[in-house]
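According to Swiss-Prot, the Ca(2+) binding site annotation covers Asn147, Asn149, Ser153, Gly172, Asp174, on the basis of experimental evidence. Taken from Swiss-Prot, the feature substrate binding site covers His247, Arg326, His423, Asp424, Asp468, Arg472. Here Swiss-Prot flags Asp328 as active site, nucleophile, drawing on a curator's inference. Here Swiss-Prot flags Glu357 as active site, proton donor. For Asp424, the entry in Swiss-Prot reads site 'Transition state stabilizer', with the evidence type similarity to another entry.
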Amino acid sequence: MRKEAIYHRPADNFAYAYDSETLHLRLRTKKDDIDRVELLHGDPYDWQNGAWQFQMMPMRKTGSDELFDYWFAEVKPPYRRLRYGFVLYSGEEKLVYTEKGFYFEVPTDDTAYYFCFPFLHRVDLFEAPDWVKDTVWYQIFPERFANGNPSISPEGSRPWGSEDPTPTSFFGGDLQGIIDHLDYLVDLGITGIYLTPIFRSPSNHKYDTADYFEVDPHFGDKETLKTLIDRCHEKGIRVMLDAVFNHCGYEFAPFQDVWKNGESSKYKDWFHIHEFPLQTEPRPNYDTFRFVPQMPKLNTANPEVKRYLLDVATYWIREFDIDGWRLDVANEIDHEFWREFRQEVKALKPDVYILGEIWHDAMPWLRGDQFDAVMNYPFTDGVLRFFAKEEISARQFANQMMHVLHSYPNNVNEAAFNLLGSHDTSRILTVCGGDIRKVKLLFLFQLTFTGSPCIYYGDEIGMTGGNDPECRKCMVWDPMQQNKELHQHVKQLIALRKQYRSLRRGEISFLHADDEMNYLIYKKTDGDETVLVIINRSDQKADIPIPLDARGTWLVNLLTGERFAAEAETLCTSLPPYGFVLYAIEHW
């Protein structure tokens, strides 16, 4: 056994409370090194005749990445506390792995050998809103979705879709335009809208906030926003707003006061200022987002700033009943601020969704005291590299997805915000080189994966564009310019996701990933319900054997409704280039 690859720690993604009664435990071992693992566990105070009393249970291998295998066990400690270790088997070799190291036999004279989960406290639970697990999100960049009220469009706005956008161009998109097209979203199957910032700002993107308590007048007013949210709720759609608390805009009144009054300004400590007077060249002498002078960084450790921003967060929940906050540049704000943020917004609306924009490993923010989820860019990276760019093989892709899933606890994965693209990335059809078949595979995997999927406006009809600002083109409303086949594909997948709980909440298992032909087989399982997904990510027809003994069941093609009895031990399906199929497995 390769001892140096064996790893566990009683915290985070390796040991966590799944609910108020259940503990999840994981173990990492070298890939293909261990035959089986047993969990050794017991109450730390359960002793008889000088020996600690423990039980043994098998652990289940839940997946592998490029280097490691991952093992899993679920325990319900009767007294909500646990001491535990692992017994590993490889051929004739046996090792006991504990917090103090490795042993050949199980130590029973002292529980101090073992890993400890001291007590399962409900207050320590990671609990994301349950509704998020069933939500299909739709991200809207308000300035480019629809112009419902031309009378409030900014001066110099261009005719809708008349030209490609620039960083400073306006086309007049607004909140009324979103209201006017809610039926389109309902028909698609959308149950959550994520709006990029809507607060007063001089830019088209609104990430340089001037007033956090006012709707930008070119988007509408508070009454229009209230109407939008009420209409959404009537139609079963949740609404999430975007908060920019890392930095403000140049026109934010406190920053203007500092710019005018310098060191004598009462707001000077609201920002991270290195010296006075303020200057922007060659670089700002105050902290900013990136090095953008128009986006000064807020000092969230300052009690006045903290109170101001927390009041902003609670105001829009209390007065407008929003359902979530997406938090921009969340990783550059101190953890203490986010802990207080969570306490205040959850006290007001316990099932509000808190989503952080973090592009890297975000475990420090996902321990139950800060965020409910982060934007799952590691997922995005993997699916684009496999389906769109064809940079990695099927096995490498399966490994990467398993690494993503094992980086976080299961209850974190269930609420993860899974996106294919956004206002910060190139359009997926552009990344796919214009190949709609690849885009279909992207949506198929996204809408059958664990977590909460988000569609960037227009991707479902085949809009194109490179990085910002090209990815922020006006929504195409002319039916003749929309890809109806792609739209129908997305609509059908969303409907299937709603119909089959396993597609929303089931555990994913990769059954086979073929590097030679680049096909992928995985299943989603929830209780007795199983859906099998088979994908051919190659430009050649593939005859694919199904590594699943399904004898005694019906295989129902969810795309066509056809069904056939699985009577043979080995089944096979034939798929065209970039083809796919979904089977529900139903018992006779």
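Glycine residues also receive a Cβ, built from the backbone N, Cα and C atoms like all the rest.
In the three-state DSSP classification, His247 (substrate binding site) falls within a strand. Each residue contributes its Cα atom, and for Arg472 (substrate binding site) and Ser153 (Ca(2+) binding site) those atoms are 17 Å apart.
For the binding-site residues Asn149, Ser153, His423, Asp424, Asp468, a Cα-Cα cutoff of 10 angstroms around Asp328 (active site, nucleophile) retains nothing. When the alpha carbons of Asn149 (Ca(2+) binding site) and Asp468 (substrate binding site) are compared, the span between them is 25 angstrom. Within the set of recorded positions Asn147, Ser153, Asp174, Glu357, the entry lying nearest in space to Asp424 (substrate binding site) is Glu357 (CA atoms). Its own atom aside, the Cβ of Asn149 (Ca(2+) binding site) has 17 Cβ atoms within 10 angstroms in the protein chains shown.
Taking Glu357 (active site, proton donor) as the reference point, the binding-site residues whose C-alpha atoms are within 10 Å of its C-alpha, out of Ser153, His247, Arg326, Asp468, are Arg326.
In this structure the residues listed as binding substrate are His247, Arg326, His423, Asp424, Asp468, Arg472; their two most distant Cα atoms lie 22 Å apart. Spacing of Asp468 (substrate binding site) relative to Asp174 (Ca(2+) binding site) is 20 Å (Cα to Cα, whole number). Within 8 Å of the Cβ centroid of the Ca(2+) site, not counting the listed residues Asn147, Asn149, Ser153, Gly172, Asp174, the chain contributes Gly148, Pro150, Ser151, Ile152, Ser157, Gly173, Gln176, Gly177, His218. Rounded to a whole value, the Cα-Cα separation of Asn147 (Ca(2+) binding site) and His423 (substrate binding site) is 18 Å.
With respect to their backbone Cα atoms, Gly172 (Ca(2+) binding site) and Arg326 (substrate binding site) stand 23 Å from each other. Least packed by the Cβ count within 10 Å, out of the binding-site residues Asn147, Ser153, is Ser153. Secondary structure at Arg326 (substrate binding site), as computed by DSSP, is strand.
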